[in-house]
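Down below is the structure, laid out as structure tokens.
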Amino acid sequence: VECVFFNEEYMTCMWGNTEVLTVNYSLYYWYENRSPMVECKHYLQDQGINVGCHFSKNESIQFQPFRVLLNASLDDGTLEFPSKRLELQDLVKPEAPVNLTIRNMSNNQLQLTWASPYPKAKCLEHSVKYKSNKDTDWTELPVHGNVFSLPSVDYEKYYTFYVRSKINKFCGSTLLWSEWSVPMVWGSNSTENGTVEEQLHWFWIHTVVIPIASSLILLVFVVLLVRMERVWVILMPRIPNPSKNFDELFITHNGNFQEWAGVPKDVMESFKPNYSENICYVSELPPKDSNEPLWESSNHSPPAMPGPPPAAPSEQYNPYKNSY
């Protein structure tokens, strides 16, 4: 019978499998000088044959001698095996460490930390194993506490770390190690510093969630632009056409600006001039050394000169009259 006390939460005692067992076995247990012998309450079965027993936390007491006894049911009777004495504090198997975290320290140094689900963290000792992508063998080192430092790393490589735990010598005598933790990856070639689950998480976000979300947002934006004219006008304003503002001036008012603008008639009259100019007639005097008119020395007719209106038909025109 092999018993394991998992993280001090429950215990299982196993004694075989269907390949070697041909008959059913019954398990009985008790604590020395504390309780009577009782049969297992929760058998673990494989193809209808009892192969183990499950104990709840309330049924498990540490630092008390624990005895188990197996009986085999045969056709002609019962076969009883000698009892086995166990110490539960020496059968504890902690859960694997969780929340592995790596920090970059100065001088190319890495610091690895973690947490443990085991309720008595001071009773644990740990082991760290790691290797780079250029190494062929793992390096495993014991660690007291929950901090491990790697003094020198190569930034051209990437490293993988695992951590496991077991009960130390101050709390029990056991060789049962926990399972190895989820790996922690660090380095230049790792897609994302963190655990494998974290890398898968970010992979799905970057390759699936973000593209789908971006496509949906773009689709909604296009629908809004097509269906909402107001949004379209705000984003793509139209160039104004001023000619439409003067349609009423030329169509309704036939180009009458006064009527179109609604300007009062008396205002328009105030812009008209209220003064007049008199016409002044000018003629040229003849030279002083000649008694003949200017036009007689020439074969051409005298040029037309501005003058007063023609006289009455009874008068004869004299060019020297009324000259100045």
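Each Cβ is built from the backbone N, Cα and C atoms, and glycine gets one as well.
TrEMBL annotations: computationally assigned, not manually curated.
Residues annotated as domain 'Fibronectin type-III' in TrEMBL: 96-194. Here TrEMBL flags 202-226 as transmembrane segment. TrEMBL lists 289-324 with the feature region 'Disordered'. Positions annotated as compositional bias 'Polar residues' by TrEMBL: 315-324.
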Determine how many residues of the domain 'Fibronectin type-III' (96-194) DSSP places in helix, in strand and in coil. 3 helix, 48 strand, 48 coil
Confidence over the domain 'Fibronectin type-III' (96-194), expressed as mean pLDDT on the 0 to 100 scale, is 86
